[in-house]
Amino acid sequence: MSRVPLATTTLLRCGMVAGPLFVAVFTVAGAVRPDYDPLRHPVSSLSLTGAGWVQIANFVGSGLLMIAFGAGVWRVLRSAGRPGIKPWLVGGYGVGLVGAGVFVTDPLSGYPPGAPQEIVYTWSGILHDAFSALVFLIGLPLACLAFTGWFWRRRELGWAGYSLLTAVAFVAAFVLASLGFEQDPGLVAVAGFYQRAALVVSSAWFTLLAVRLHGQRVPGVGDAGPAAARPRGRPGPQRP
């Protein structure tokens, strides 16, 4: 058994950085933006107005780091067997972030000032929501469930339970945020809080998963996979 190779380690470290970077940028940007209420407004609304480029860059940069992390997940899981769909779900989360940055959301909940409370969709906003679905409906929840099974089969019950609880907490927070953004009277004032809770939960799980896989022991030496660990036997007698 050998440690994770350097190239794979670099990709996994992208996963360690992506979540904390994403959360830190949208937290600071939301705190200093005039007329913006982090408890009420979605993270995506930070892409609007003249300073919107900061959050756009945050979406795209964090998404690219997550795509790289997905490649690292594939390399680690490939060395231990068939990777399955798990790396694609991680990478899909990253693609969703990139798309959410490229296609800017529409104004919502009165931000920017003068905007309507209910969203009025443009094509950019529709595509933004479509890519966001890769984050909220596909990438994180299904990745958590897929890794729940993987850790369960490896008898890592703590990680299996943590992955399952992350999926449940993420979906619950996302549903509450969505209801708030639909102007539910009891949730509209805290919709941004619930969305941020979902993103913090997902970012923490991805970060810790990257740390966990970084310490994974893999068969063989280098990136050659399991075949590299099998010693070659001496050739047997040749038949005429």
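Cβ atoms are placed via backbone N, Cα and C, with glycine included.
Listed in TrEMBL:
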TRANSMEM  12-32  transmembrane segment
TRANSMEM  52-77  transmembrane segment
TRANSMEM  89-110  transmembrane segment
TRANSMEM  130-152  transmembrane segment
TRANSMEM  159-181  transmembrane segment
TRANSMEM  193-211  transmembrane segment
Check the transmembrane segment (130-152) against the transmembrane segment (193-211) for contact, please; criterion is three or more CB pairs under 8 Å, pairs 6 or more apart in sequence. yes
Give the nonlocal contacts of the transmembrane segment (52-77) in its own chain as ranges (CB under 8 Å, at least six residues past its ends). 4-5, 7-12, 14-15, 17-19, 21-22, 25-26, 29, 43-44, 46, 83-84, 86-102, 104, 150, 206, 209-210, 213, 216, 218, 223
Chain residues outside the transmembrane segment (12-32) and at least six past its termini with a C-beta under 8 angstroms from it: 4, 38, 41, 43, 46, 51, 54-55, 58, 61-62, 65-66, 68-69, 72-73, 76, 90, 94, 97, 192, 196, 199-200, 202-204, 206-207, 209-211, 213-214
